[in-house]
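Below is one structure, written out as structure tokens; the observations come after it.
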Amino acid sequence: MKQRLAAAAVLGLSATLALTACGSSSKPSSSSGGSTSGAVAIKLVAADYGTGPANSSQTYWQHVADAFHQANPNITVQVQTIDWNDLSSKVQTMIQNKQYPDILEGLTYAQYVQDGIAYKASDVLDAAALSNINPIFAKAGEVNGTEYGIPWTTSSRAMFYNKKLFTRAGISSPPTTWDQLKADAKAVAQKTGKTGFGLPLGSEEAQAESLLWFLGNGGGLTDASGKYAINSAQNIATYQYLQGLAKSGATEPDPATKNRTDLWQQFAQGDIGMINGSPALIPIIQKAGVLQSSGYGVVAVPGKTGPLTSTVGVADYVVALDKGDHRAAVKSFLDFAYSDQNQLAFDNEYDLLPATTSATNSMSGNPQFAGFVKNLGTATLYPSSQADWSTVLTAIQKQIGTAITGDPRNVLDQIQQSATAGQ
Amino acid sequence: MSSLSNLPPRRLGRAAAPLGWLGPAIALIGFAVLWPVYEMFRISFQHYSPDGFLLGSAGFRNYTKLFQDPNFGPIMLRSLLWVGAVVGLTMLVSLGVAQLFNQRFPGRRVARWALIAPWAASVMMTAIIFRWMLDPNTGALNLLLRDLGLLSKLGTSQADWLGRPDAAFAWMIAVAVFVSVPFSTYTILAGLQTVPAEVYEAAEIDGASPSRTYLAVTLPLLRPAILVATLINVMNVFNSFPIIWEMTRGGPGYETNTSTVYMFNLKQNFIGQSASMSVVNFAVIVAMVLVFLRVSNWKKEVA
């Protein structure tokens, strides 16, 4: 009798164990209050633009969230910032597990439109604020003519060079064409023993570096009609040139495994002659304290026959995700966040450029940024409104660097194939 | 013998009583082993969006895409090389180290403790430390080589240890051996201690040379220990993820991926294909274990 009782108890216990365990894979948690109680909690996940704990974006966003909470006591904004290197995989996991945030900043947005979980920009941002967004970047936030991605911060690219290394290598003026660039980079490498040209083709931001070079040869990621054209003849020729550049010893070894963050640090330490960068490289140079502001120069990125007339412009987008009943709270927070004051505070902290026209205008007087601001008007952007851009982006980041050691045509063909497989 | 259903209720209860004790274990196996395996097979036949939204059935398309993937063949070959090289080298090194640690020498206890360190340390931590040591500009190895005047002879490209796929892969094999040696050494050491002293005396009386004694007495008696260590290593090394992920992320491109790392890489955008990759991995590991057990005549030796 006793035995049987024990058996039943154990069986029952194990059954509950199994059941509770199964139950844990549930839908998005509903712990965030909702409209019934009046108090709402919304969640913001953003990229961390900081270089350490001192200037972490967590601090910036928490500051904005606190100020907002003070003005709107019944809405709480939970802030989580994630390091760039882990951002896309962590957010991907959140989405795959249906545990996604209300507001997402820093990533691509078009796949969420396809998934049917993204709010239209006009649903979550005031019409006046919306029309204040830089039109080129706002256009790139559109899918089929409707804006979903709201640019938060922007930047454009230029080439930085180390004047001291140039003098030591006997170079009088920075290069404007590929041939000059190769000769200068080789001169720096041979005469100073430093890296001539920093070529970050590792997975962190291979898309930006590649696009800059493609533009220099009349290529790009898409053709005139907006279809992916990654294996175009111009792009293949571009990588053949880059292969020669790397083989000549003018770049760091094995560019396919080197990331932007590391190479920017090395440039700031005075170990690299030339590198493509955004205004965000400036604070890194200042923090390292090796190069004075007169020790480096910023010029247009050289192209095959002359400097780029249209450089790469990058925007990081905000997208609001539909979790049911948070739209009003999300809208009032975004209306608050897109003020000039918040925009300028962010861009001053991280040396990036604003996404709104009014904030941009107030920044164009700053000589350090004026050139970058001017480039925004003619910039070439990523094809971020393509639904499969995030997949193509991963393929580019992981594989395109191998075109330096392998056959450029094969590598670009392979990426093109994976890009068009979904179309 | 009557079947359970023919038993009167009380005897049925008694017959089922062991289930009470086995129940939790069975539930655990069902929940932690069988259910994930079922899910893995199910997902591998479905089409998911990169964000995890189910788009319908995929039939065998995830598998055909995986097998047509130009990276697939090289990755499978590399995985076999990885398992073979790591397990082979680990066993060779461990046999030697175990022999050494079986001798009496001052400080043996401390030395045996020290051997546990690579085993006790987090594998991810070990991998990160090695990545730092191998950094082309600031790593300990290149600083040493520079001080010895050897760095300039190598040239910057040769000294970029984790930048070239072949050099990176060799270094990762070395790290994997480093973290696998302690466990294998202890297993073999335990085996060595079960060899009775009499058989060595007998060998000595018969006039066997030391090498002959090792080959004809020690190794055959170590067979069960070597089998256990090899089998566990094969499974561990095949599934090993943190070393490769932390040292190269499988790069450049996919050139240092093993199939386990590739499964994770695929998961970011191709959930169904990633599941089919893990089905393939599952099949490979079951096949490797079965072949191994068959070849080594497992039942007679160990069970």
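Cβ from N, Cα, C; glycine included.
From a predicted model like this one, the values you see are computed outputs, not experimental measurements.
Here TrEMBL flags B:76-292 as domain 'ABC transmembrane type-1'.
Annotated transmembrane segment per TrEMBL: B:12-38 (among others), in sequence order.
Annotation comment: TrEMBL describes B:80-101 (among others) as transmembrane segment.
Sequence annotations record features per position, and here TrEMBL assigns transmembrane segment to B:113-134 (among others).
Using a Cβ-Cβ cut-off under 8 Å and counting only residues 6 or more beyond its ends in the same chain, the transmembrane segment (B:168-192) has close neighbours at 78, 82, 85-87, 89-91, 93-95, 97-99, 101-102, 115-119, 123, 126-127, 130, 134, 161-162, 218, 221-222, 224-226, 228-229, 232-233, 236-237, 240, 243-244, 247-248, 256. If you look up TrEMBL, you'll see B:168-192 (among others) marked as transmembrane segment.
When Cβ-Cβ distances below 8 Å are used as the criterion, the transmembrane segment (B:213-232) is approached by residues 87, 91, 94-95, 183-184, 187-188, 190-192, 194-195, 199-200, 203-204, 289, 292-293, 296, 298, 301-302 of the same chain, each at least six residues removed from its ends. According to TrEMBL, the feature transmembrane segment maps to B:213-232 (among others).
The transmembrane segment annotation in TrEMBL covers B:270-293 (among others). Counting same-chain residues at least six beyond the ends of the transmembrane segment (B:270-293), those with a Cβ under 8 angstroms from any Cβ of the stretch are 37, 40-41, 43-48, 50, 52, 58, 61-63, 65-66, 76, 79, 83, 230-231, 234-235, 238-239, 259-260, 262-264.
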Positions on the same chain near the transmembrane segment (B:113-134), where near means CB under 8 A and six or more residues out: 97, 101, 140-142, 161-162, 171, 175, 178-179, 181-183, 185-186, 240, 242-243, 245-247
